[in-house]
Structure formats: C-alpha cells, structure tokens
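Asker: Have a look at the structure that comes next, please.
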Amino acid sequence: MENQNKVRADLRQLKPFFIVAFVGIIYHLRIRPMAGDDVFFSQATSELGLWNYLIQRYETWTSRFVIEFLLVWIIKYPILWRLIDLALFISFPVLISKIFDGGKLMDWCAAAAVLLYPFHDMGTAGWITTTVNYFWPVWGMFFVGFLLKKMLVHKKINIVEGIAGVLVCVIASSHEQVAVILFVVFILYGIYLICGKSKKMPLVQDSAGSTLTDKKVIHSNNLYLAGMVLVNIITLISILFCPGNAGRNTVSIADLPIFETYGFGDKLYLGLLSIERVFIANCDAVFLTVALVLAMLVYVKTDDYKKTIISALPVLILFGQTAMRTAYPGLSGLFVMPQEITEWSWGTLSTWLPMVYLAVTVAAMLYALWIILGEQPIEYIYALLMLGCGFGAGMILGFMATIYVSGERVYITLYFILLFVTMFCIYRMEDAVEEKLKQTGGKLAVTLLALICLINIGFVTLSC
C-alpha cells in the first residue's frame, strides 16, 4: 500500500511534465516540415558537398557553421528530427525547474513557461530549419544553466553530462545571441564564485545545512566548465571575424537600400520600436503574463497600493493597447500600432509614443524587480544583466538590414529570459506565493494563467 501511495505521489508530482509531453506530442504530430527554407537546406550539399558548402556559407553568409553542419545532416531524416525536437520540448521544463531546485510550484511554473511560448514562430522559415537554428540553441543554453547549477552546489557532473555539456555548448554558442548570453553567464558565474571565496564563506549548503566541499568533485566539474567556456570563447571569436557577416549585410542592404542611409539613432530606434511592436503594441501573451505576475508578486510582498500600481503600469499600458483602442477608436492615436516601417518623422507624436510606453514599461519592471529582489542587491543586479542581454539581443536587430525578414522567431531568447527572470522572482518568494495560491485571489490568478496557456496551445496547434 505504501509503495502504491508513493507511486501515485510521484506521478502527481510529474503531472505538469506529462501535460507538456502530451501537448508536445500533439504539436509534433501536426507539424509538417520540408517547407520554406527546409527545401533549400535539404538540397544544399548536393552540388558542393558538405565541407565545401559549409566553408562557402561561412565565407559569404553566416557564422553558424556548427548549426548548419547539424542542420544539413538532420534535415535528411525528418522523422529523426521530429523525435529529437519532441524530446527537447518535453525535457525543456524539466531543465528549467531543476535550475530552481524543482518542487511542485517550480515544476508547474516551468511547464507553464514552455506552454506559453508561441511555438508557431518555430515554423516561420520551415520547421526543421527554424527549430535547429533557434529552439535547439536556447534549449542548449538552459542545459548549460542546469549544469552550472549542479556545479554551484558541488554536485558531481558525470562524464556523460560533462561531454554533453561541452557538445551542447558548441551548438548553442553557434547562435550569436545565445553565444553572447552564455559568455555573460560564465562571467557572472565566475564573479559569484570569486566573491564567495573572497568572503571565505561557503557558497552553498546542502538541504541538511552541511557545506559541500568535495575537492575531487569540484576539480572534475571545473574541467567540464573550462571546456564549455573555451568552446564558447572560440565560437564567439569565429562569429566576430566571420567574413560572411559583411557579405550577408551587403545582400540585405541591396534588398533594403534605405537602410544604408540610417545613422546610429535611426537603427537604435528601429530596434527599440520592433521590441515595442512585438511585445507591447501587440499585447503579447508572454509579456502580459510576465507583467501580471511581477505586479502580483509586488502586491504579495508589500500589500502596498502605490507600489503595486507602479509595478502594474505595463499591464495598464497593455490594457490601453487592447481594450481602450478597441472600445474607444477616437483614442487610437494615443495607442499607436507600429508597423514594419522604413521611414518616419521625428517631429510626430506617433514616432515617440511607442518609445514612451517602452520606457515606462522597462522602468516599472525594474522597480518591481527591486521591490522583489532588492534585499539581495547582487541578485537584483544579476537579474538586470540577464534582462539586459535579452533586450539587447532584440535591440541589436535594428542594426541589421534583415530586421523585418526573420520575423518574431528571433525574439525567442528574450521570451525565455523574461520567463526565467520571472520564475526567479517566484522562486525567491516561494513560501509567500504558495500561501497566496491557497486563497481565492491566487486561485483566480492560476485560472487566468491556465486560460492563457490553453489559448496559446490551441492557436499553436491550429497553426502547425
């Protein structure tokens, strides 16, 4: 009887991951690959051969040498790709939850984070091409994060995990945005370790409160860490000095000649405007959820009306972009819907309103994070740096003539950084959140989140 009860308890604990697995199976049964760029890459090596093709691409088009090596091989086996992609999708929330030590609350939050992501973006350039170029590197970024968490608490990284970590880091770092983010993460990890040693304090303790100091484990883990850092740095150098960057930029400018006339301010504006358009003007479901959760966490922590209202300003702006613009068409001029523009006038109100909304939104989010994490300034700074990486990855697109070519799929790193930072805030307030979830307000919040997830799942399923 006890064994049966234990099995039931274990199955209940895995329920959020079973839901993700079920949804992932539905997605991958409906997905129809071999369209768009999938067709191009399936034939890419037919004339030049593998290595000549990869060298030509590196010299004339892209620095994603490793990703394209993987892509032109896996695209020949669509069934294998489908199985691997499904495995990554199912394991993704497990990785995220493990970074936060697991537990019922974080398991559900991790599952919700994956189910909230607009996975239909991964089909915009062909399912195989887009997932290998974007989803797989982001999964790899979190796998590296999972290993770093184990290293942080001095848990042994076995040889399979260690080798996998280095190989995954090679693939993930081949994506420019992920490479930079991982580089920043490695630096922050190093600073954290140095600060801990300088204070002559144990960095972490196990659940029983005893310091974990197995020197052999630490030495072994450091070897794998060194391997991941090394391949990340080498890949970053190959990205910076890739001759194909200039070639691709030349071709892209030929398709968008006006881009050559833009100055620094114009390109910065384009990058910021694109972020505002995707996340705020379009009332993105992930961004709405993040804004709502941060505001609710501030309320739970402070029970202060003014602080909660300030933290909820992004929610009010999103409300204006949807309900106000629809219910009161005469106010539509105040809630501008930016288009994929190439020309604008600096003297018009519609040019500046999106920047005002973006600035207010960012300021309110920073305020909310300070209220939640401010008691530990180092954690607040780390959260800001991670958000900075995410927003920077989006903003830098304004400096590329291909800004409107790639669509929303390029924002996958910003999506998951927003979700990750939000989960970190929940993790830091776990006891208070669990207590609040027992109350009517908490149950209503969970119901709303579940509804948003269901709507997104339905839309993605129909879009596959």
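A Cβ is built for glycine as well, from the same backbone N, Cα and C atoms used for every other residue.
Not my notes, these are from TrEMBL:
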{"type": "TRANSMEM", "residues": "134-152", "note": "transmembrane segment"}
{"type": "TRANSMEM", "residues": "157-173", "note": "transmembrane segment"}
{"type": "TRANSMEM", "residues": "179-195", "note": "transmembrane segment"}
{"type": "TRANSMEM", "residues": "223-241", "note": "transmembrane segment"}
{"type": "TRANSMEM", "residues": "278-300", "note": "transmembrane segment"}
{"type": "TRANSMEM", "residues": "312-331", "note": "transmembrane segment"}
{"type": "TRANSMEM", "residues": "351-373", "note": "transmembrane segment"}
{"type": "TRANSMEM", "residues": "380-404", "note": "transmembrane segment"}
{"type": "TRANSMEM", "residues": "410-429", "note": "transmembrane segment"}
{"type": "TRANSMEM", "residues": "441-462", "note": "transmembrane segment"}
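I'd like to know what surrounds each of these features in this structure.
Answerer: Nonlocal intrachain contacts for the transmembrane segment (134-152), taken as residues 6+ away from its ends with a CB within less than 8 angstroms of a stretch CB, comprise 67, 70, 85, 88-89, 91-92, 95-96, 98-99, 122, 161-162, 164-165, 168-169, 171-175, 178, 181-182, 185, 189, 192, 203-204, 221-222, 224-225, 228, 409-410, 412-413, 416.
If one looks beyond the transmembrane segment (351-373) by at least 6 residues along the same chain, the residues whose Cβ comes under 8 Å of a Cβ in the stretch are 269, 272-273, 275-277, 280-281, 291, 294-295, 297-298, 301-302, 307, 310-314, 317, 334-336, 338, 344-345, 379-380, 383-384, 387, 391, 421, 424-425, 428-429.
Same-chain residues lying 6+ beyond the ends of the transmembrane segment (410-429) with a Cβ under 8 Å from its Cβ atoms: 96, 100-101, 105-106, 109-110, 113, 116-118, 121, 134-135, 138, 141-142, 177-178, 181, 275, 278-279, 286-287, 289-290, 293-294, 297, 300-301, 369, 372-373, 376, 379, 383, 386-387, 389-391, 393-394, 397.
Same-chain residues lying 6 or more positions outside the transmembrane segment (441-462) and placing a CB less than 8 Å from one of its CB atoms are 23, 26-27, 30, 112, 115-120, 285, 288-289, 292, 296, 433.
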Asker: Short question: which residues 6 or more past the ends of the transmembrane segment (179-195) have a Cβ under 8 Å from it?
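Answerer: That would be 141, 144-145, 148, 152, 169, 172-173, 203, 228-229, 232-233, 235-236, 239, 378, 382, 385-386, 389-390, 392-393, 413, 417.
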Asker: If I count Cβ-Cβ pairs under 8 A between the transmembrane segment (223-241) and each of 157-173, 312-331, 380-404, which range comes out on top?
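Answerer: Between the stretches 157-173, 312-331, 380-404, 157-173 has the largest tally.
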Asker: Quick test of the contact rule: Cβ under 8 Å, at least six residues beyond the ends. What residues does that give for the transmembrane segment (157-173)?
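Answerer: For the transmembrane segment (157-173), the nonlocal Cβ contacts are 66-67, 70, 136-141, 143-144, 147, 150-151, 179, 182, 220-221, 223-224, 227-228, 231-232, 235-236.
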